[in-house]
Protein chains: 2
Amino acid sequence: MEIAQQAIPLPISTIAERLGICAEQIEPYGRFKAKIPLNVLEARPYRREGRLVLVTAVSPTPAGEGKTTTTVGLGDALTRLGEKAMLCLREPALGPVFGMKGGAAGGGYAQVIPMEDINLHFTGDFPAIAAANNLLAAMIDNHIFHGNALGIDPRRVTWRRVLDVNDRTLRDIVTGLGGINNGLPREAGFDIVPASEVMAVFCLATSLADLRDRLGNIVIGRTYDKRPVLARNLKAHGAMAALLRDALAPNLVQTMEHTPAFVHGGPFANIAHGTNTVIATQAALGLADWVVTEAGFGADLGAEKYFDIVCRRYGLRPAVSVVVTTVRAMKYHGGVEVADLTAPDVTAVRRGLVNLERHVETLREVFGQKVVVAINHRAEDAPDEVDTILEAAAAMGVRAVEARHFAEGGAGAEDLARAVLEVASDDPAEPTYAYPLDGSLWDKLRDVASKVYRAKDINASAAIRRTLRQLEDEGFGELPVCVAKTQYSFSTDPKLRGAPEGHIVDVREVRLSAGAEFVVMVCGSIMTMPGLPARPSAESIDVLPDGSIVGLF
Amino acid sequence: MEIAQQAIPLPISTIAERLGICAEQIEPYGRFKAKIPLNVLEARPYRREGRLVLVTAVSPTPAGEGKTTTTVGLGDALTRLGEKAMLCLREPALGPVFGMKGGAAGGGYAQVIPMEDINLHFTGDFPAIAAANNLLAAMIDNHIFHGNALGIDPRRVTWRRVLDVNDRTLRDIVTGLGGINNGLPREAGFDIVPASEVMAVFCLATSLADLRDRLGNIVIGRTYDKRPVLARNLKAHGAMAALLRDALAPNLVQTMEHTPAFVHGGPFANIAHGTNTVIATQAALGLADWVVTEAGFGADLGAEKYFDIVCRRYGLRPAVSVVVTTVRAMKYHGGVEVADLTAPDVTAVRRGLVNLERHVETLREVFGQKVVVAINHRAEDAPDEVDTILEAAAAMGVRAVEARHFAEGGAGAEDLARAVLEVASDDPAEPTYAYPLDGSLWDKLRDVASKVYRAKDINASAAIRRTLRQLEDEGFGELPVCVAKTQYSFSTDPKLRGAPEGHIVDVREVRLSAGAEFVVMVCGSIMTMPGLPARPSAESIDVLPDGSIVGLF
């Protein structure tokens with residue numbers, strides 16, 4: 001954080017001008033953030049030259065492997081090598097900042113800035129998404145209160161409210177208590193904003209009209225005779241789209257080394273699809289020659305969804321996929337406990353390599369990707385530990401490079417950038433996918449589970465199977481599936497490290513996201529509303545009388 | 001709304017420059033909104049020449065009497081007369097925009113712009129306030145969940161969550177259901193953001209350090225042995241202040257005629273204290289010769305609290321108070337039903353004048369104010385109806401002026417501005433107050449009830465009286481009281497129009513706001529979370545593919 005506070009940013013108008021956008025065309029938010037209006041972006045359509053680099057990772061340790069820092073470092077290194085590069089990142093949620101996570105805008109000398117703003121309120125996109133989500137919720141209960149002309153079954157309302165705070169006590173609540181003036185009591189609950197379907201819709205919409213239309217398609221629950229009720233039936237989608245109008249323009253910021261970055265939209269990858277807005281990525285491909293983007297958590301989660309949900313739908317073709325790993329993560333997957341990860345242990349690294357190998361294999365064989373492995377350097381790494389990973393990569397026939405952007409900025413990632421430039425396809429083919437869209441929802445999940453998670457089978461209660469058949473009968477069978485699953489394992493058991501196989505994926509819940517156009521399969525126990533730890537980082541975040549914020553990292 | 005969409009604003013940097021603030025010193029939010037950093041304002045301290053005009057009103061009809069339009073019109077008229085004038089207004093809440101109210105940034109040719117932005121997300125102050133409020137709530141339940149070292153009694157937690165949406169079903173809820181991982185079940189509830197104590201703290205803080213200190217003083221509930229638990233005991237106040245740091249800088253916008261306006265903070269006047277931030281008002285007095293501000297709802301609510309809570313604490317001395325009335329409101333108080341208010345009815349106007357007379361008398365005799373009456377013109381007003389009001393004012397010895405700013409902009413309010421310039425005190429004395437601070441809380445409420453509401457007495461249950469005594473024992477007896485009461489009547493019965501007297505004010509609930517430094521007395525039934533009507537305006541708000549928003553008014 002201190003490093004970020006010392007970085008000297010360029011005026012955001014200068015960054016925009018480097019992308020060919022006049023200062024007069026941007027909407028500044030302070031001096032170092034701006035929204036780029038959609039009509040300005042529409043005048044710069046996608047160009048064949050714009051090449052997309054996907055940054056993904058091994059299954060992470062609880063601290064994360066530095067996917068965002070690597071994305072930033074790679075972008076800065078490409079810039080240093082004379083390439084016209086740009087980043088596309090997600091916006092961090094506010095809730096986790098006050099929990100365990102601290103900020104999420106990169107770290108060390110590989111950060112997007114202004115880091116404090118990005119981690120706190122930024123340009124107001126998350127509050128706008130929450131407002132749209134909660135307006136719909138209020139209109140549902142209000143409709144029921146005022147006579148319920150649509151015949152909404154209060155027990156079958158699936159639409160949940162959202163807040164951008166880690167608050168476990170809001171997961172399961174009863175609303176409408178206190179008498180007849182307060183509505184009808186029913187079971188309800190809150191998710192965190194990044195888990196909202198409105199967030200997914202926001203990230204997958206291609207225009208304001210498309211956004212409005214998708215919002216209208218949201219299924220909020222069922223009538224007493226079990227027919228779906230849409231947001232458009234409640235006439236909520238117009239007002240929701242109005243609330244999101246300004247937010248839909250991508251946010252432009254810069255790295256500490258002045259590489260332009262769109263930071264826009266922020267769905268979690270363990271409970272949602274996990275990548276920034278399609279609008280930002282498409283726009284970036286029209287503005288830069290190299291667009292580096294990241295997909296959340298390990299390749300089993302973020303990358304799988306990026307290919308199967310996003311790339312397929314929008315014709316995106318990554319020229320190369322970068323898999324971020326650390327010595328630390330390999331030891332973790334080799335069975336070392338978190339407290340012992342700093343001690344050198346080549347044997348453990350060797351045991352843990354199965355996790356990296358599995359992800360690389362998936363990317364190459366399931367999704368047809370060219371792959372580069374980035375070993376995100378940490379001070380305590382022993383040379384023979386790093387060599388062990390490099391050798392394993394060589395054995396797989398994959399380029400692997402150590403990257404030192406955290407300590408050295410873009411200069412430390414030049415080798416990585418050169419590897420990316422060499423490996424990247426000049427004319428990327430369409431990716432291959434884990435499943436075809438025309439199978440059943442069950443088959444799609446089974447394909448993901450067998451090809452990506454290497455599970456033996458998937459399992460679900462009779463009620464969930466019935467729900468899936470009902471969704472297919474209603475015409476939702478053509479949608480892709482979006483798996484909500486722990487990020488710590490290929491399986492649904494976060495304790496199963498390495499590269500487990502032969503496990504069973506248990507489907508605990510199915511949520512239709514008709515607006516986002518996917519069906520969420522909640523596998524294992526995964527929380528859509530996090531809690532705070534015993535000592536939340538909020539306790540040490542503070543602001544001094546002069547306005548400087550401390551404790552954010 | 002169409003008028004506002006057609007208005008051509010000046011760049012906000014130009015508006016700032018007219019106030020003597022360089023373009024480089026402001027934080028732009030788009031081209032027509034900016035935050036003025038606190039250190040920039042601190043360099044321009046309060047000047048003796050800055051004179052404050054308070055705009056208040058009669059007890060309103062459900063549609064309101066145009067207090068904000070009059071404030072805007074008066075400011076524009078002062079500008080037209082060559083005075084250096086500036087406005088201080090509250091920010092509208094989002095919730096009511098989607099309910100019945102439509103926007104709240106003035107109307108006709110007397111608006112602050114950009115109206116859409118101000119009514120939707122503006123510069124993000126409300127979301128920041130909600131985030132700070134809800135972080136504290138999460139930290140309370142999290143503390144209880146992780147062992148409850150402070151011994152917080154879950155049944156005695158008084159801190160409520162907030163959302164900026166009209167959602168009646170969130171008033172009374174049970175949280176923490178669903179098993180041991182989800183916390184401890186307890187009764188809880190949501191208020192709308194303008195009712196939050198954080199909003200009041202935000203509006204009454206004089207600096208970032210003062211804000212942080214007041215946030216730390218918030219009492220969130222009681223321990224099992226009934227001792228107060230403070231936000232600082234939970235170490236929440238630093239993070240809350242960090243969340244509010246940027247919001248605390250006043251928002252600069254302009255009227256359609258380019259008069260500068262601070263629009264900052266937005267507590268409701270029926271459930272909170274009802275005026276914009278003290279920081280904005282104090283700063284405006286350092287930047288302009290005339291500062292026109294408004295206090296919410298009728299003078300019994302907004303003005304009473306402005307004098308007794310705000311002016312007393314911060315040494316503010318209004319040079320004149322403007323009471324806004326309409327022919328329509330006089331007929332309403334004369335007994336005419338809302339549907340019939342457009343038909344001329346001089347007799348009803350005459351009957352209704354008691355409401356205006358009562359408010360004028362209160363301002364003069366209780367608060368020691370010089371008064372001007374503004375008759376906010378409406379197209380259907382009959383000349384003899386207006387004359388009736390003018391004659392009544394003359395009989396009271398009060399200057400009264402018809403103002404036509406809604407249809408004519410500042411030109412239509414020049415007579416009003418001239419009256420204000422003539423009546424305003426050159427060297428305003430300290431106002432007088434409804435009660436001294438050293439009496440008991442009970443006596444303070446009784447003074448307000450007898451002097452301002454003309455009630456016969458106040459009444460409360462034994463439990464509430466016990467609570468008041470307890471607060472006094474704990475050292476909160478020196479605080480002023482903040483009455484939450486219907487805006488439609490001097491009494492607690494919204495149906496009792498005109499100028500009722502001899503009624504009883506029933507205290508339903510007491511809420512300590514130790515951070516805001518007042519004790520809220522909830523009198524009669526007043527909702528701190530509104531509901532939506534059967535046909536919410538959200539149903540007709542929409543956004544066109546080109547981005548224009550319809551239905552906001």
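Just so you know, glycine gets a Cβ as well, placed from its N, Cα and C.
Here TrEMBL flags A:Thr61, A:Pro62, A:Ala63, A:Gly64, A:Glu65, A:Gly66, A:Lys67, A:Thr68 as ATP binding site. Cβ neighbour count for A:Gly66 (ATP binding site) (all protein chains, 10 Å cutoff from its Cβ): 28.
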Secondary structure of A:Thr61 (ATP binding site) (DSSP, helix/strand/coil): coil
A:Gly66 (ATP binding site) in three-state DSSP notation: coil
Neighbour count (Cβ, 10 Å) for A:Thr61 (ATP binding site): 19
Chain-internal residues, separated by at least six, CB under 8 A from A:Ala63 (ATP binding site): A:Arg328
Env. residues of ATP site, Cβ within 8 Å of mean position of A:Thr61, A:Pro62, A:Ala63, A:Gly64, A:Glu65, A:Gly66, A:Lys67, A:Thr68 Cβ: A:Ala57, A:Pro60, A:Thr326, A:Ala329
